[in-house]
Amino acid sequence: MNNFVILPILIPLLSAILLIFMTKNLMLMRIFSTAASAIGIVISGILVQTVFTKGIQTLSLGGWKAPYGIVLAADQFASLLVLTTAIIGLLVGLYSFRSVGEKRERSFYYSGVQFLLAGVSGAFLTGDLFNMYVFFELLLIASYMLIVLGGTKIQLRESLKYIVFNIVSSALFVIGVGFLYAVTGTLNMADLSVKISESGQTGLITVIGVLLLLVFGMKGGIFPLYFWLPGSYYAPPAAISALFGALLTKVGLYAITRVFTLIFIHDTAFTHQLMIWLAALTVIFGVIGSLAYSNVMKIVIYNIITAVGVILFGVAVHTPASIQGAIYYLIHDMLIKGALFMLAGTLIALTGTASLHKMGGLIKRYPVLGWMFFISAISLAGIPPLSGFVGKFKIAEGGFAEGEFTISMLILLSSLLVLYSVLRIFIHAFWGEEKETPKPNHRTAKGLLYPAAIFLLLSLLFGLGTEWVSPYVDQAAETLLNPEKYIEAVLKE
């Protein structure tokens, strides 16, 4: 039992509450929020290393042992995602200084960001489904506030769709959890794994599993449940879009990965095959969307959907290579989507438009921005040796090993189409005839580029430093592939 496990949740939660009382002092809010996020990175980094050297860390809150009490469990998969979340929180905060506007900043913006980070980290670390629901609600309430902050017409329109859709998904989550408790008498995920293997009610459990796949698919943006995503991520400022794009769909994917490698593993011939086909359709429709638009932000947003499909395929194939690849690609996508949203937001801020047809020749004025965008584009597409390559290659390798040749080829082909979709932005915006744009503001450009540059650097290091990263990813994959290790760590006391 390790009290350290709760700190990635507790620090942003307490910070969010304290930030509510600091709205009159903008500089204090910025400093405090940045410091809280930096401390979160340090704490999460220590947690990753502790899990690597000492194994899965658990904490039973209130002294109630599992499966009766609330348990937090940090395996390497959860710990790596918590660390990535903390990094994203810090960099989005830095980007916000120059992008969201003072009015939004004073309207409890930083408090909302910290509440969201607490909810995301809690969803990663919780050991039971009910508290996963609680943390989902915490991050969703924070996201409701952030998406409407500013009160523009498009924000109010898209937020209504976003809120209604998530209320429905949350209601279905409660129903699914209730059914599962009625059948098994427990909601602790480790205990559920044991009880389901002993229950013999495979048909009913499979139905509940499909219901939870629907719930997490709604939150993760899986076909055909992603229709809420493009508008909702497009409506708020770029900093909030970066936060949403890097984190929110990943929580849904994490939940799918956790429950379908730990709990619902009794009927993989049906559940995992269903996930494979949903993954393929998600990739196809994500690619179509990214090619159909000439709006910079919409192109980036639809590439989120493509990535969701790629990761889901890796989880569904469920081989050592594909699970490792899914973890690599999940972390890669969190980092590179953060960079791309920031770069797209910077591009829009400097040109005053999101339309590719109204951009051109920007490489002369903003060469650093141009080449940063190019590197982000090829990294997103998975061009070797950048970070997207390792994950996508391993996912395809696992798919080929399981005989999923057609969909594995689709995953590889999607790299070329993703590359084409984002290179359209690079070619139209930075090359060709220079279009009339607002007077250059190099001070603003630099302030916006620094956080994006750090994101891009981390993404490059993640790809080029595969040899250093792989032991951590391998350990994370091993726990997912051998759930008895997680079960033993949680139920041992």
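Backbone N, Cα and C atoms are what each Cβ position is placed from, and that goes for glycine too.
The transmembrane segment annotation in Swiss-Prot covers 3-23 (among others). Residues of the same chain lying 6 or more positions beyond the ends of the transmembrane segment (3-23) and with a Cβ under 8 Å from any Cβ of it are 29, 32-33, 36-37, 39-40, 43-44, 46-47, 50, 57-59, 61, 72-74, 82, 85-86, 89, 106-108, 110-115, 117-118, 121-122, 125.
Feature annotation from Swiss-Prot assigns transmembrane segment to 31-51 (among others).
According to Swiss-Prot, the transmembrane segment annotation covers 77-97 (among others), on the basis of sequence analysis.
Sequence-distant neighbours of the transmembrane segment (107-127) (same chain, 6+ residues past either end, Cβ-Cβ under 8 Å): 5-6, 8-10, 12-13, 15-17, 19-20, 23, 29-30, 32-33, 36-37, 40, 58, 66, 70-74, 78, 81-82, 85-86, 89, 92-93, 96, 100, 134-143, 145-146, 149, 188-190, 243, 247, 251, 254-255, 490. Marked as transmembrane segment by Swiss-Prot on the basis of sequence analysis: 107-127 (among others).
As annotated by Swiss-Prot, transmembrane segment applies to 129-149 (among others).
Sequence annotations record features per position, and here Swiss-Prot assigns transmembrane segment to 163-183 (among others) based on sequence analysis. Counting only same-chain residues 6+ beyond the ends of the transmembrane segment (163-183), those with a CB under 8 A from a CB of the stretch are 129-130, 133, 136-137, 140, 144, 192, 199, 201, 204-205, 208, 211-212, 214-215, 218-219, 228.
Look at Swiss-Prot and you will find 203-223 (among others) tagged as transmembrane segment, backed by sequence analysis.
Counting same-chain residues at least six beyond the ends of the transmembrane segment (251-271), those with a Cβ under 8 angstroms from any Cβ of the stretch are 77-78, 81, 120, 123-124, 129, 132, 136, 139, 189-190, 192-193, 196-197, 202, 205-206, 209-210, 212-213, 216-222, 308, 311-312, 315-316, 318, 323, 326, 330, 480-481, 483, 486-487. According to Swiss-Prot, the feature transmembrane segment maps to 251-271 (among others).
Look at Swiss-Prot and you will find 299-319 (among others) tagged as transmembrane segment.
The transmembrane segment annotation in Swiss-Prot covers 330-350 (among others). When Cβ-Cβ distances below 8 Å are used as the criterion, the transmembrane segment (330-350) is approached by residues 80-81, 84-85, 87-88, 91-92, 95, 99, 237-239, 241-242, 245-247, 250, 253-254, 296-297, 300, 303-304, 307, 311, 359, 362, 366, 369, 372-373, 376, 379-380, 387-388, 390-391, 422, 425, 429, 437-438, 440-441, 444-445, 448-449, 451-452, 455-456, 458-459, 462-463 of the same chain, each at least six residues removed from its ends.
For 407-427 (among others), the entry in Swiss-Prot reads transmembrane segment, with the evidence type sequence analysis.
If you look up Swiss-Prot, you'll see 449-469 (among others) marked as transmembrane segment.
For the transmembrane segment (449-469), the residues of the chain that approach it from at least six positions outside its boundaries are 87, 91-92, 94-95, 328, 331-332, 335-336, 338-339, 342-343, 346, 368-369, 372, 375-376, 379, 385-390, judged by C-beta separation under 8 angstroms. Listed by sequence, the residues of this chain that lie at least six past the ends of the transmembrane segment (203-223) yet keep a Cβ under 8 A from its Cβ atoms are 136, 165-166, 168-169, 172-173, 175-176, 179-180, 183, 196, 229, 248-253, 255-256, 259-260, 263-264, 266-267, 270-271, 274-275, 278-279, 281-282, 284-285, 304-305, 308-309, 312.
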